[in-house]
Every structure is written in C-alpha cells, then in structure tokens.
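**Q** Structure in structure tokens, see below.
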Amino acid sequence: METEQLQKFILAELNNLGSIQDSRKLFYTPISRHLDQPNDSLVLQSSLQGLQSKEMIDYKNHETYTYTLSDEALDLIKNGSHEARVWACLSTDEGLDPKEIITKVGSTSAKVGQGRAFKQNWIKKVDNKFFKNVLDIEDVTVNNLVYIQAHNTLNDEKELSDLKKRKLIKPKKLLHFSIAKGPQYSPELITFETDLTSDMLIDGSWKNKSFKKYNFDAAGALPQGGALHPLLKVREEFRNIFFEMGFEEMPTNQFVESCFWNFDSLFVPQQHVARELQDTFYIKEPKVADVSDKEYYKKVKTTHESGGFGSIGYRAPFSEDETKRLVLRTHTTATSAQYRVFRNEAVDATHLAEFHQVEGVIADKNITLGDLIGFMEVFFKKMGMSQLRFKPAYNPYTEPSLEIFAHHDGLAQARGGAQSNPGADNPTADNVFAMPQSGTTVSVESVDHVFQTKMLSMLKQTGRSEMVVGWYHSHPGFGCWLSSVDINTQQSFEQLNPRAVAIVVDPIQSVKGKVVADAFRLIDAQNALMGQESRQSTSNVGQLIKPSIQGLIHGVGRHYYSLAIQYRKSKAEERMLSSLSGKAWTKGLEVEKADEFRHKNENAVEKFSNLADQYGKSVAEELTLTPEQLSTRHVGKQDPKRHLEEHVNTSLESSTVQMLESEWNKKNLFTGWVDVKLTEKGEQEAKLGGERLKASNTQFDCAYTSSLQRAQKTLEIIQSEIGQTSIPVTKDEALNERHYGELQGLNKDDARNKWGEDQVHIWRRSYNVPPPGDNAESLELTAKRVLPYWKSEILPKLADGKNILIAAHGNSLRALIMDIEKLSGDQVVGLELATGVPIEFKLDIVDGEPKVTSKKIFNQSL
C-alpha cells in the first residue's frame, strides 16, 4: 500500500463519516478487503503519523489480542484433555493405583490430569485406589480450545488465563485505531513546504504555498565533539616507547632558538645549505639574541674555525652575528616528540612547514655504532616494523651517520617504507660539551599511518562490537578519576567504535583479594540536553550525590560518567564477588608454606621430564629391535611407557563425599533446598569419613561443595581431619540437593498418607517424574542442573592435573557419578551412596569426557 494513496483514502472517509471509530472496518478498494490484518496496522500507523504531523487528523491506538493453539493444545483437541484421559481410564467399581494410571495414560497425563480431575470432583481415592466419581463429564478444556481455534479468542477471562498459564495458547497483540479530524483537516491531501527558497521569492509562488510550522521545542543538530587527532595519538605512542626504553623527557615550549644552540653547538657549518632562508624560518623581530654562556661560545667558535679533538674544523671565520640570529627551531634534540619543529619547505598534501620530530640522546661511555643499531632495531620493532636496512649517510652534526629503511607489511604497496636518520653525535660537538652521545631522529608524521594500520587491525581482530579499550590511569589519593590523557584517548576510540568502553581500577578501594573496577564512557551532549544526566561513582556499586573536588577538576560530569558493571557470572560467583574483602576470600588467595609448594612443583616437573626422556629413549630403542626382542625387552624391568601412564593417572583424581545426616533427615522430613544444620550424628559421620580419606594420602588442590550449610560443614570437618584446611573452596548452588517442591518440609509418613505410598515412591525413586510444585526437580532435572557446572568448572581442572575434593548431597552426587561411570537413568536411580563413606575416582580426561581408570570406596573399619 502506498502511503500517499492511503492518506487520501483516510481523508475521504473522514469527509464521508465524520470520524472513524475502528480502522479494522475500513474497506480499502485497491486491495479489495478490510484493513483488519496484523500487518495492516504498521502501514496504517505510518500514514496516520504523517497526517497527524500536519495537524490534519488526530488518532488513538487501541490494543486487542488474538490467540493461537500450541502443539499440545492440538493434541488435546484430538485425544482429550489430560484430566479427561485420567477419568476415562477409571471405573466406578474397580480402582487403579498410581502406577497403573501412568501405564494407561502416560506420565504427563497422569501427573497433570490427576490433580485437575480431583479439583473438578471427577475422581475419588479409596485405599490408594482411584475410582470414577461421576458417570458423565464435560471436557471444558477441549471445548474452550475448539472455540479459540475457530474464533481466535474466548469471552471467559478466567478460563483464558488458565489456558495461558498451561501454555496451551499463544497470545498475539493486534493494533487498530480510532481517527478524528484535526485542526488543519482538509478533504484534499496538503503538501507542506519545509523551506522558503529564493526561487519562490523571485516568482512569487510562496504566496500560494503552505509551509510547515516550526517546532521550537525540537532540539537542533549538535556539533560533533572534539576527539584526539590520530597524529596526537601517534605522538603519545612515540613518547611511551621512549619512556619504556628508559628515556627521560626534557619538556620545553621554547619554539624560538638562537642559531648558536640550533646549529652551531651541533657543529653545523655556518655556510651549510640548511641554514639558508629556503630551509629555515628566521625571526623578523627581534632578530638576534645575546649569547649568555661565553665559555661555551668560545669553545664552539674555536672548534668551527680551527678544529680540535682530531678535527681541523671548517677553516672559515665564525660569524658572531650569524650565531645570534633567532630561528624557529628545526629540531628538539632533547625533548622527544612533545612539541613541534619548523622547516621552510614546499607545502603539499603530505608535508607541512611544521611537524613533530622524534629525537633522543643516549649518553654513556664506550658505546659504539653497534649499540645505536641495536637500539634502533628495538625502537622500530615497538612501532611494528622488524625488517630494517641501514645505509651509511653524511650529516654534519653526527659522525658516523646512518639512514634506516623499514618495511611494514600493511604499507608495503603504498610506500617503500619509513625512513629514519640516526647517528653518533659528531665528536667535535661531544667534546665541546664533554659528553659522548648517540642520537636519533624520526618524524612522527612519517609513520603515523603505521600506527593507524596497527590500531584498526587490532580493532578488527576483536570481532566484537562491545570493545573494552583497556585499563586507564588511576590517581592515587582520590580514587579512579581519569586524567585528561585518558579522556582524549577514549575520545579517539569512541570515534573508531561508538560502543567502546573504558575500564579503570580504583587503587584506594582495591586491596589484596579485592579489585574495585569502574567502567566509563564520555558524556553525550545530546543526552545531556534531553535531561538524561550521567552519574559518577568511585566504584561499580557506589553512587555519589555530589562530585568531589578532584572529580570536578578531572572532568566528572563534564567529560565522562561511570557505568554500572554487570558481570556474566553464576550465583556462586555473585556471592564470591560480594565478599571479596572478607578474610576467608583473602585467605583463599594465599598459599601457606609457599616454599614447600614450590619445591613440590619443581620436583613434579622434574619427575615428568625424566619420565618423558625415558619414554623417548624407549621408543627410539624399540625402532631398532625385532619383534622377538620387543616381546622380552621389559621382562623383570620397569616399562617406561607404563610407568609414565601410571604417574599421569595418579595426578588426575577426584574424591566425592556425601553430605551426612541433617536435622531434618533426623526428623524424617523432606529437606531438599531447605538450609538446615548438620546433626551431631552427621558430624560424627563426617569425622569418620575424613579419617578414612586421610589414609589415601591424597593432597587436594581445591574443593567444591553446595551453597547449603550442612554440606559445607561436612567439608569443613573432613578438611580438618585430613589436615588440609587451607585449600581453596568453591560453594555453588549447582551442587545443591534435589528440590522436592511441595514435599519440602513435609514428614515423609504424612506425604505417603496424603498422596499414597506408591505415588511418593515414584516421586522419590523414578528418574524423570518430579513431585508437585513449581520448582520441583526429578533426578533427571537435577542432573541437568549439576552436569553443566561439572563440565565447565570441575572437569577442566581435573584435566589440568588437579586433585579435587567434592562434598555434596545424595542426588547431586548421583548426577556426577552418572556422568563419571556413564550410567543410564534406570541405573543411577538404583545407586545407593552410604553416608560417611568417601569414594575416590582416578580419571583420564579424554576429549573433555571422564574415563575411570580406578575406583576405591573407603568403607573399611578403622
């Protein structure tokens, strides 16, 4: 449907009808139907918005819902509702027990239908047998579904809500409109002009035009904010490279120098072409400067005229007038790339009369040209260029001199390379100042695109739209406020990627065992004008009402704002992060007897290395032996290959311990996720299990348990018994006991009386039938919760050779053993785990899956 044609149709209908109460009743001739389809509302709304902006109409939105049936609902229409199926399988004189009902109608229909049939009084229970309570029923569920299938809705809101809860129907929102005439209504579509043009003024056509009204409340287009220029970013890169290599920067903003310091002191002859007007900017007013250091002036003049230190000089008069002339400096030998230099050269697309020159001086005794070449190789490598070629060159101020040609893969076709001009400072200049030196110069502009290529390449390699730029400065003394350098850098990255995020560490709140980080972005002026104020904080959880003095100085609320950090973490990790400052977490990060652990690790590495050497020699020898010799070569000797395999297997161990008797176990209650204490008997069983486990002499690297205190107490007692209380412990609800739903907290005998012994037995001992209740779990559902955590968190550590102790609950441990021993659902249901009896598995991890090499149950008497 074309927008303009549809708008004309709406205006004509308003002219005929006065108003339109329901847009779905409009019959649109071009498509020969009413505008009552779901997609019609989108097209119609666009046309209405255009007319409303011209004040030709007013309209209101109205929402309605239609419903479609789920696959389960279609099955119910065909075969009857779950409650009707349960009723149909029963009789009035011969009852069925729960198992027989499941056999006849299936577990799903039995589970859902039994409760709903009871609720409608269709069935009754006598001595654990179910009977029909009525002779005829009306299957209301199926009747409602059939009506919805025909009409896409249902008038009974209560029944509709029930069907939605059961996920038998799927709602779909529809939009329609009521339309009225607006202040500027006209039967004809009016086109408003947005601009008054010069042509309209000249020909007078503006008199017959209708102009769109100005919206004085609309925000104007904001100018683009400033950002760090790529050239300045490169300049910072150069400065950082110098700082990394141990240089110190000598800052100066003195752009004007005398020829004495700019040329003569570096032994550049006064007749050199570089000093001519076409290469140098001379100052018009004032023209000269006094030479303040007469002693150095005398030495420099003597060296130029008659030489010294092995040189014969330039054999030409040294002009005092020339040495006093003021110039815009042509280099900044001692100031790195901090400020500009000037050359009177032809200006083109790639050359300006001012630029940044990287310069450095290395001063030491007994350094040679080889040291300079080595320095340049490191310097260029940090810029991303490793292929260098050196060429001898002549410069009056350096002796010897070199030119460097560097190859960069990203620029190989566009440019031959970047060029540098290093050299050892001329000995005549060195001796005048009594300081042996090496110097180097590189133009920042000449390698600017090297850094741009490098930066863009790194951004592409991330492969993510959400890009964390990196860790920025933190200012000790007042938290993680950002420096202007950080803000400029972030501006540059946000220009490259609008979703760039910066991370800052707070050095005040970050202590051992606890790191406080903040995320920030620059303030969007558009959002600020719209009243969406940005916030500041000193950590990701703290919000300050008023900014601190230091925060204001460094631009908080003016240049940047903090973001709340949402970690992708499990609930256990959330608890861990919330207690990072606690003593337990800090202690968990520490290693007691560090030297002992270091020696143990060194011995283990050495043992593996020796075994690997023996294995290699054994394989090499086997290649030279005949089959007969191979069959007898290890008789009465140790087989290096088997010894290596056994040694590796012993490093891949896991011990599991079942949680012992809790207070509710003692009272014969369904416990599940209820967090109750361990009984005195349970503590005794835990102590016994620890004593048994101690006999294995296994040194555990870490331990895992659930979030429930009875399992944690079990683990704590065992750790104490085996003398390993300092190993790190991870607590996670993924290892919790099975959730028993509505049974939780009930006495087991009471549950049997209420639902029948067989039904309770099915809930407790079947693999895939959960008890009633929203959060209830079968053993199958428990395994689906436990096993992803086992595979993502615990198995990788076992693969790394860690020995792991697990103290959990009967059903969560059954899920683990199900994966370890590759048991089926029917097999794991019959698995009995005795309390206080540890089980030790030695495992090989093959392609991420556990393979049992040995199993030991510690149930011997002590």
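For all residues, glycine too, the Cβ spot is worked out from N, Cα and C.
Annotations per TrEMBL:
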- 340-404: domain 'Aminoacyl-transfer RNA synthetases class-II family profile' (DOMAIN)
- 394-526: domain 'MPN' (DOMAIN)
- 631-650: region 'Disordered' (REGION)
- 636-648: compositional bias 'Basic and acidic residues' (COMPBIAS)
- T671, G672, R710, E737, R738, H739, Y740, K748, R764, R765, G810, N811: substrate binding site (BINDING)
- H809: site 'Transition state stabilizer' (SITE)
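Could you place the listed features in the three-dimensional structure?
**A** DSSP assigns R710 (substrate binding site) to a helix in the three-state reduction.
Other C-beta atoms found within 10 angstroms of the C-beta of H809 (site 'Transition state stabilizer') number 28, with every protein chain shown included.
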**Q** Out of R710, R738, R764, which of the binding-site residues has the smallest number of neighbouring Cβ atoms within 10 Å?
**A** R764
**Q** Can you grab the distance from R710 (substrate binding site) over to H809 (site 'Transition state stabilizer')? Cα atoms, rounded to a whole Å.
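**A** H809 (site 'Transition state stabilizer') has its Cα 9 Å from the Cα of R710 (substrate binding site).
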**Q** Tell me the Cα distance separating T671 (substrate binding site) from H809 (site 'Transition state stabilizer'), rounded to the nearest angstrom.
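**A** So the alpha carbons of H809 (site 'Transition state stabilizer') and T671 (substrate binding site) sit roughly 11 Å from each other.
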**Q** Considering all pairs of residues in T671, G672, R710, E737, R738, H739, Y740, K748, R764, R765, G810, N811, annotated in the record as contacting substrate, what is the maximal C-alpha distance expressed in whole angstrom?
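**A** That value is 23 Å for the farthest Cα pair.
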**Q** State the three-class DSSP label for R764 (substrate binding site), counting H, G and I as helix, E and B as strand, and everything else as coil.
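**A** Its secondary structure by DSSP: helix.
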**Q** Tell me, how many other CB atoms lie within 10 A of the CB of G810 (substrate binding site), whichever protein chain they belong to?
**A** 15
**Q** Using other CB atoms within 10 angstroms as the count, which residue among the binding-site residues T671, Y740 scores least?
**A** T671
